[in-house]
């Protein structure tokens, strides 16, 4: 025990009585100077007491810990009942939130509609909205009684009177007496039995929520929890529920009394001064490592690139000097195209000079964040929270069953349940999607524990039950076969319910509508009995009804004012409320023989969100929906990291989130803005006719960019740092060593209450490199939501890497994130409704600098570019088992429209301020070239189309791009071709792709370049010059009509104008070959060299267009008539036009004297 004298003369902390006016508890920190004078160094007076920079250096890294010991108890609300458990009110409020549908928006009141049932089927999981429970015993009420995480009734009084939330709150406001015993509420003793007296106690004790001082804001509560290392969660009590002082002293290594403080010891000889001894001596293991490409592969690859660059330079110089006077027009067009192709190849090849591979160590991650330590004695998870975003817009093109399977795979992911939250953005606001998500939440009650019990992979039920391999391989539990059989039957029933939701909603709405009409007619007849004039028949708007018998606040099946796709209120429904922070073991279901007695049955937080839409507002498509989720999640859960997935991309590797977190939590991870995972697809035809896998981009280009500043953001499968999405700059390195000063230089005193927590928040421009972010400007940038603004420094702190070694800069202390989350209350969800309203972004920087960037159909590339332009880095995470898998359009028309949208976005980028030519100096040079290529590659289509017509024109005219096929030209052509093939072989070697995949990519490069890319350039020019807006078609995720064929869509031919240029090129080249061969054979002086050159290049074009021609043929001769009509008309027109322009020599008559034999 430390003496009082030591407390007075050494570092000390004295707790003052609570402030009478505010009720807050304050702490005054002081130290004794060398001269013997006592100096106050509390946070309130630190800036006032310390004026010089020299003296302030002593206080840059101090931490004060005041754990809740028996001598230090936080005050409770004086208005609350002294005998009432403080956790009951919070749980009551959370139960109310999870059972209510919140709506609101522009010029409307935010309402919370209590939902007795969310879906027609029964819901049993206690976390789910509308879960079955007891009824309130208050006369005339009948509402549901509050329940805990196991579904047991929460009874606030020892008399076991069942009461709902509303009656309980009303009673507290009136006389604070229990209606059952007419006495003040008195909570049960902890050792009493449960509600009915015969139920088993929980497997693990649930700690009550810590009380918070009155008047403390939500942000203050969060900061007080994340900054406290030795908080109440790390304290243990004896079996008699009496505080164990000795054990507390041992576990916390603290000084008993008023508190303890750890100060850095200033020692000039010790570089690591101020760090605890165990951090200096403990061996540090990295979470990730870089696997470099072998030099035997990478060195020749780089040499070949420079050799080909030199050869191309000499070849183009030779081509310019040696003109073809016989066909100067042919020579000129070919030279211009070849110069552009060389420039385009250079833009694509230079960023590939430094490819790398990366690997993670999940065992080290578990050891650092989920193992017992002095800062985390209980071994609770110290990982930061992750908010997963799933976006959907149209239930017809994006089937609800696909989205539901994605949700189930997320809920079953191998990540701490209490740190995971899933938000579903339904931008169409369809009741069908809403009820499908509710059905998925209900099915997760058995699917998620089944996955945890048997280690199921993948955790998408549809993909799992359709696996071609043996499902019983490596399964050792004796009850696996029985459990799997039951789950498969349950899933089949689940699919039937999902598929029948559309008809069920329509039948339900018709029934309610008929009832409303009957009631209206009855009222009309009653009114007519007292009136002389007969009234017209009553017309009632046909509404869409929910399962609880109320109107759906979103779009109706039959559109009505304030209930259409572009005009409806904002909707938030907590489908699954936040889980408890302790594992919740299940029980053995004797009726269905499903033993979960050893399995954690908790489910992550699941929230349905449909942002408000009103006429006259630009809702900015997917980017606007994602920004609405960013704000809503910041208010409700505020995970420092965000994972966004398309509705058809599910979690294929349950540990993918941990793999991504290894990069974020590793040394230097605070400079990483996002971790991009490769996109992998299912349902692609075995030959991958249209290069749907896109392996060259994901396995070659993205790995190469990873060696620079990082891969580009591709729209899905990306783990973001929330702070980077907010538009802040990465932390800056500073040799002075402070984790806060590493972010910027301190130029002036800050009077902000949370100045220390916000010093890492910088949002500077090029002309103001060292300016600190002023908190007063936050409302202008992020809006006027105080909860949202308060959450920003919290997210920044929680997203820092673990400071488990002196070399880790800008880190957080171990054990800082073991405290549980705050329970949701009605005011928080109401604030979330406010931030998703259509007017919230007005006069803010959302979409301009903050969040997903607006103004482009490819908002993903622009968003990633803005982050890299501010100096952030990104990482490419390729896991051994695919992290995520999705679907891709295998139909030719759908594939071309998808490529058209991507290319259109690139053209928009080129003509916008996001062009890499005007980027900042923080962007790596080769990274700048890569982004420049993103905006330029669609323009290659202009030169590509011209070059594809040149062989046919050469055959028609009897000329060639060179005057003669001499040795020099053939040598250049051979070297250029051989180096290209060798580069392809080496790329295949270091990237792991196959030769067939590389060739498919080359084929579709020409198909897309002559169709979708050219149309994108035209659309982009129309938008820039004429202001014509571009609209895109949502990619369909639905399956084909032929259920017996998985690839039925591959053979479906849907005519589109994008097919006209490739069809024309094919027909012209075929006719050109025929004309050239005939002319050469029957010519008195045949020029075989020119024929061979023209036929070779025409064959090169036709070989690349072969998949396109095969797609037009359809299946079993089902080629559309329009294909033959267009082909014939184009071929005849071009042939007649050419003969008319250039008739045979010696004959001016159209058609000449040339005849076939």
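Just so it is clear, glycine is given a Cβ too, placed from its N, Cα and C backbone atoms.
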Legend entry - 936-957, 1024-1045 - the one TrEMBL records as transmembrane segment: 936-957
Inset, instruction - Can you dig out which of the ranges 281-300, 301-320, 361-380 TrEMBL describes as transmembrane segment? - result: 301-320
Inset, instruction - Quick one: sort out which of 222-242, 243-263, 327-347 is the transmembrane segment according to TrEMBL. - result: 327-347
Inset, instruction - Name the residue range among 897-920, 969-992 that TrEMBL annotates as transmembrane segment. - result: 969-992
Inset, instruction - Quick one: sort out which of 871-889, 1004-1022 is the transmembrane segment according to TrEMBL. - result: 1004-1022
Inset, instruction - Please give the sequence-distant neighbours of the transmembrane segment (301-320): residues at least 6 beyond its ends with Cβ less than 8 Å from one of its Cβ atoms. - result: 334-335, 338-339, 342, 345-346, 349-350, 352-353, 962, 968-969, 972, 975-976, 979-980, 982-983, 986-987, 990
Legend entry - Positions on the same chain near the transmembrane segment (936-957), where near means CB under 8 A and six or more residues out: 327, 330, 333-334, 336-337, 340-341, 344, 347-348, 903-904, 906-907, 910, 1006, 1009-1010, 1013-1014, 1016-1017, 1020, 1061, 1065, 1068-1069, 1071-1073, 1075-1076, 1090-1091, 1093-1098, 1100-1101, 1138, 1142
Inset, instruction - Would you mind listing the long-range same-chain contacts of the transmembrane segment (1004-1022), meaning Cβ under 8 Å and 6+ residues beyond its ends? - result: 690-691, 896-897, 899-900, 903-904, 906-908, 910-911, 937-942, 944-945, 948, 1028, 1030, 1057-1059, 1061-1062, 1065, 1101, 1104-1105, 1107-1108
